[in-house]
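Worksheet for the structure shown next.
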Amino acid sequence: MLPMITGFMNYGQQTLRAARYIGQGFMITLSHTNRLPVTIQYPYEKLITSERFRGRIHFEFDKCIACEVCVRVCPIDLPVVDWKLETPIRKKRLLNYSIDFGICIFCGNCVEYCPTNCLSMTEEYEFSTYDRHELNYNQIALGRLPISVIDDYTIRTILNSPQIKNG
């Protein structure tokens, strides 16, 4: 009879210990209820990017002097610059400029070292496509300015994001 009583006491202690562990886990879960959500509903909500965000490169054809500094400072020699030497005036004339964003690592060296500031980073980061050859942008595609997330009325922007507060 005595072993049966001690068995019930051990069972009761184990039950209380299990209830305490479950309660501790539940308290941790409840402590997360007053935090802001981490995820956003992507196609309908977008984060406002920071000022120094490195998105798609914008190119101004008229400012470029075809010096090829962007190609020399690029770690992967990515920008393709085609030019022709105009012999009467002894200057280079830019024919074509293209960047393949499927290969680009968005380091920003080309933008930083461009002597004429014809390159700049935009806030556009959506490059989804079914064909990777569509990511090769020529000077016409690079010259288009993207629609700002703030100006697009179909998208709700998220200002109270933990990433923006911390970064």
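Just so it is clear, glycine is given a Cβ too, placed from its N, Cα and C backbone atoms.
Annotated in Swiss-Prot:
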DOMAIN    55-84  domain '4Fe-4S ferredoxin-type 1'
BINDING   Cys64, Cys67, Cys70, Cys114  [4Fe-4S] cluster 1 binding site
BINDING   Cys74, Cys104, Cys107, Cys110  [4Fe-4S] cluster 2 binding site
DOMAIN    95-124  domain '4Fe-4S ferredoxin-type 2'
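Locations of recorded Swiss-Prot features on the structure.
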| residue | record | DSSP (3 states) |
| --- | --- | --- |
| Cys64 | [4Fe-4S] cluster 1 binding site | coil |
| Cys70 | [4Fe-4S] cluster 1 binding site | helix |
| Cys104 | [4Fe-4S] cluster 2 binding site | coil |
| Cys110 | [4Fe-4S] cluster 2 binding site | helix |
Least Cβ-crowded entry, counting other Cβ within 10 Å, from the binding-site residues listed as Cys67, Cys70, Cys104, Cys107, Cys110: Cys107
Pairwise Cα distance for Cys104 ([4Fe-4S] cluster 2 binding site)/Cys70 ([4Fe-4S] cluster 1 binding site) [Å, integer]: 12
Alpha-carbon spacing, Cys67 ([4Fe-4S] cluster 1 binding site) to Cys107 ([4Fe-4S] cluster 2 binding site), which is rounded to whole Å: 20
Neighbours of Cys64, Cys67, Cys70, Cys114 excl. site residues, C-beta within 8 Å of centre, [4Fe-4S] cluster 1: Ile65, Ala66, Glu68, Val69, Val81, Cys110, Pro115, Thr116, Cys118, Leu119
Cβ-centroid neighbours of [4Fe-4S] cluster 2 site Cys74, Cys104, Cys107, Cys110, 8 Å, sequence order: Ile57, Cys70, Val73, Pro75, Ile76, Leu78, Pro79, Ile99, Ile105, Phe106, Gly108, Asn109
Separation of alpha carbons, Cys110 ([4Fe-4S] cluster 2 binding site) and Cys70 ([4Fe-4S] cluster 1 binding site) (Å): 4
